[in-house]
Amino acid sequence: MGLQALSPRMLLWLVVSGIVFSRVLWVCAGLDYDYTFDGNEEDKTEPIDYKDPCKAAVFWGDIALDDEDLNIFQIDRTIDLTQSPFGKLGHITGGFGDHGMPKKRGALYQLIERIRRIGSGLEQNNTMKGKAPPKLSEQSEKNRVPRAATSRTERIWPGGVIPYVIGGNFTGSQRAMFKQAMRHWEKHTCVTFTERSDEESYIVFTYRPCGCCSYVGRRGNGPQAISIGKNCDKFGIVVHELGHVIGFWHEHTRPDRDNHVTIIRENIQPGQEYNFLKMEPGEVNSLGERYDFDSIMHYARNTFSRGMFLDTILPSRDDNGIRPAIGQRTRLSKGDIAQARKLYRCPACGETLQESSGNLSSPGFPNGYPSYTHCIWRVSVTPGEKIVLNFTTMDLYKSSLCWYDYIEVRDGYWRKSPLLGRFCGDKVAGVLTSTDSRMWIEFRSSSNWVGKGFAAVYEAICGGEIRKNEGQIQSPNYPDDYRPMKECVWKIMVSEGYHVGLTFQAFEIERHDSCAYDHLEVRDGASENSPLIGRFCGYDKPEDIRSTSNTLWMKFVSDGTVNKAGFAANFFKEEDECAKPDRGGCEQRCLNTLGSYQCACEPGYELGPDRRSCEAACGGLLTKLNGTITTPGWPKEYPPNKNCVWQVIAPSQYRISVKFEFFELEGNEVCKYDYVEIWSGPSSESKLHGKFCGADIPEVMTSHFNNMRIEFKSDNTVSKKGFKAHFFSDKDECSKDNGGCQHECVNTMGSYTCQCRNGFVLHENKHDCKEAECEQKIHSPSGLITSPNWPDKYPSRKECTWVISAIPGHRITLAFNEFEVEQHQECAYDHLEIFDGETEKSPILGRLCGSKIPDPLMATGNEMFIRFISDASVQRKGFQATHSTECGGRLKAESKPRDLYSHAQFGDNNYPGQLDCEWLLVSERGSRLELSFQTFEVEEEADCGYDYVEVFDGLSSKAVGLGRFCGSGPPEEIYSIGDVALIHFHTDDTINKKGFYIRYKSIRYPETMHAKN
């Protein structure tokens, strides 16, 4: 039966039932053929200032790209902009069709416009229907700049820990499915998802109008959303989106994809060709893994297809002549797991244990464990359960403080959780019990001693006394079905003087009219004899619960028959602020909410900056000469859907200036959502000074007339802190006779100032200019120096000096950007001299003149002296040069201690990535070297294989090693045998730390010892 013979009803049934294609993933759009977005369906949780993928600069399928991505991403300059059907563009990574594509943000249109805006330059070319499809140009391939979350350290979640928040408008089953997807990643990798506490960076599951989309990797500097929109709440889709969060691009964009699949461009929907661009080797790191047809990150065969039976991606046949299936959305593939484990450097030994009971043992048990082994087990059970760990055998090498071979058990989800114990030797440890639902077990061996190893069993127990002010309680095995024949009793106690608040996120317990079988019982007190609040079962979430004291008693019971998904609840300390005499400090209305309260105002009023008092609505007519304007609610976040207009009017012949003291609005340079507009004049038809959003404080603006219009608008989503601005009306003194200034007059609010050009300073009379002194001392690690009066000609009879000092252990480099000094064969007239030290008596590095840009110059130490001299005759433009620092060099040690620092910005910033620095320390003849670490903080790893400091007893790395060091805390002093030592500092491209500070000196000591590795 042909495609045309299928009725619309049959087509719809085929799509929904999944028969048409192997996997369907509509992303940044809905799967529904008649997709429309109801504003009432948007996330209704308490506003969180998150990075919203739906407001990204552009989309690449379901991947949100921001300005940082665009600045380092280029596409072919021959894409046709004129014939693209922008109205039909959407954001999907699934199957056929363009039904219901949101028209608000056409992906290709956005992509081209943004790249054009940053200067890529797009040309028209008839490459659409019936023409050659767009492809990467050779030039753009050469010009690609490396980019990939997997190779950019800031995109990797530290320690593999990803805090999360789930928006409040998701159903219980959706929440359970999100947790199942996260547990799926945890089960097979060393990535850990944990409910957010006070972490700055975390993900927020939201329901956004653009459907399903996410950024790739960690964005940092606050929360970021993962949008799970309409018809995207499927297990496989969420696992896929979490793959982007973890740091993965789509498999079919790998650089080697043409060896494995064929892109059939004539079958691609017009305007969606860019979704099939492939990345360059420097842009994505496949971590040495083979191309993975089975990856959950792979497109399906008919993604963005013109017709449901037309392939856009055709996999190559295998050795048996069979084309492998692609685009599955069921589970992680072996390749997905291998790549994730490499990306997050998971130990080769250990696993994540999620069953209610189980066992673990050292490798090779009971026949002995290998040396230099590192294993990590993560035990993760249901919140509300505790983990009981019992070691059945212990036979490890015994050492002081268990320094060599040991087992560490921690009460939590990662290596920084509280330590329950560190064990070695042959004494079996006692029973260990966690305080919550996670436990970290780490085993390390570094000796060659052969023992049996260890074996342990664990069990999850539900119930118990909980003394916390907030936390989670879930039925055993949640989000999977609870187990039969369970009885769990919890007694929750919060701080004295408070109540216990309990809210349910999910609830599904076997239904019965009187809850006679499976049920949850909640009592207002500390025991089963306390007053009954409710006995709950069925599928309806119970109402929020508030105890009358600081204690709440809960009991969950399941029988031996029907099992359901169970429940998930949050508890916290609660008080009714509105019941207090001052009603929480609210001026007009107090609204108590569980866990908090809100002040409200009568109609015609809005909350003031303190969020308690009420004042007239924002905006208005301002006739004062000066004053302050703030966003509604300042200094708290401004409310949504606000439109405030201030009309500022000053006397005639006056001008109005506005200066922002603080500025933080949603948005970037597009300013489509929340923004401030400033006009010279009374209406929006007047002269526009600018439209502003984001976090950059606008420049001071002065009106052209005696009135100014300031308009603020916010949309219904993300709110920020807003702005605080001061306006001031004054006459423009610079408009008459340049304000009496010899060079430049700058009008300021309420006054004016005179300024002088480069090479001159302001006279004591504050109006005239005189030549400046030419002596500067520079201590910054990088910057510019210029000849006097730059970029105009330098003055005659001038002598200027610069002394540049860098942090000890670093050399100064001088690179010239422009150079034009009077020419002479021996530079006898005007010239620039550079010395290798702090004075003109130091060795000279160069004497420069003429118009040829000199080669860069480098000092041997951390100081450089520069002198510029001009005579009485010819003047030229002069020079502009950049000074910077480089690590390493030859350092002379004396009996007086000297200092050496790991990087130029030590103390201000962490060391940068991809460093390889070598310092050669030479002592006085007949002496040795003493190295004393004053500060040491370098990325920690068992073998110091990532970032490390290595010391050698000689001229090169072939000499005897005195130690390789990493981690936190200074190593012991190091003594050389000879009079020369080499220090090598290496960093990779991921985690950066504070660095190190070494004090070294020359000593005469006959019995020095090598430091131990």
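Cβ from N, Cα, C; glycine included.
Copied from Swiss-Prot, the annotated features are:
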ACT_SITE  E241  active site
BINDING   H240, H244, H250  Zn(2+) binding site
DISULFID  C190-C346  disulfide bond
DISULFID  C212-C213  disulfide bond
DISULFID  C349-C375  disulfide bond
DISULFID  C402-C424  disulfide bond
DISULFID  C515-C537  disulfide bond
DISULFID  C578-C590  disulfide bond
DISULFID  C586-C599  disulfide bond
DISULFID  C618-C644  disulfide bond
DISULFID  C741-C754  disulfide bond
DISULFID  C756-C769  disulfide bond
DISULFID  C774-C800  disulfide bond
DISULFID  C887-C917  disulfide bond
DOMAIN    148-347  domain 'Peptidase M12A'
DOMAIN    618-730  domain 'CUB 3'
DOMAIN    774-886  domain 'CUB 4'
CARBOHYD  N169  N-linked glycosylation site
CARBOHYD  N359  N-linked glycosylation site
CARBOHYD  N390  N-linked glycosylation site
CARBOHYD  N626  N-linked glycosylation site
REGION    124-150  region 'Disordered'
Inter-residue Cα distance where the pair is H240 (Zn(2+) binding site) and N626 (N-linked glycosylation site), in Å: 55
Neighbours of H244 (Zn(2+) binding site) among disulfide-bonded residues C213, C375, C887 (C-alpha cutoff 10 angstroms), in sequence order, are C213
Helix, strand or coil for C887 (disulfide bond)? Use DSSP. strand
Could you give me three numbers for the domain 'CUB 3' (618-730), the DSSP helix, strand and coil residue counts? 0 helix, 57 strand, 56 coil
Can you tell which of C212, C349, C537, C586, C741 has the most other C-beta atoms within 10 Å, given these are the disulfide-bonded residues? C212
What are the sequence-distant neighbours of C800 (disulfide bond), meaning same chain, six or more residues apart, C-beta distance under 8 angstroms? C774, E775, Q776, S787, P788, R867, F868
Indicate the candidate from C190, C756 with the smallest number of other Cβ atoms within 10 Å of its Cβ, considering only these disulfide-bonded residues. C756
Using Cβ-Cβ distances, find the residues under 8 Å from C424 (disulfide bond) that belong to the same chain and are at least 6 apart in sequence, listing them in sequence order. L396, Y397, K398, S399, C402, Y404, D405, Y406, I407
Any idea what the Cα distance is from C887 (disulfide bond) over to C578 (disulfide bond), rounded to a whole Å? 62
Cα-Cα distance linking E241 (active site) and N390 (N-linked glycosylation site), given in Å to the nearest integer: 38
Chain-internal residues, separated by at least six, CB under 8 A from C644 (disulfide bond): A617, C618, G619, T631, P632, E711, F712, K713
Is C578 (disulfide bond) helix, strand or coil when read with DSSP? helix
Compared by Cα position, which of the disulfide-bonded residues C375, C586, C599 is the closest one to C537 (disulfide bond)? C599
Integer Cα-Cα distance in angstrom, C756 (disulfide bond) to H250 (Zn(2+) binding site): 56
Out of H240, E241, H250, which of these recorded positions is nearest N169 (N-linked glycosylation site) by C-alpha distance? E241
The rounded CA-CA distance in Å from C578 (disulfide bond) to E241 (active site) is 42
Long-range neighbours only, meaning 6 or more apart in sequence with Cβ under 8 Å: which ones does C375 (disulfide bond) have? P347, C349, G350, S362, P363, E442, F443, R444
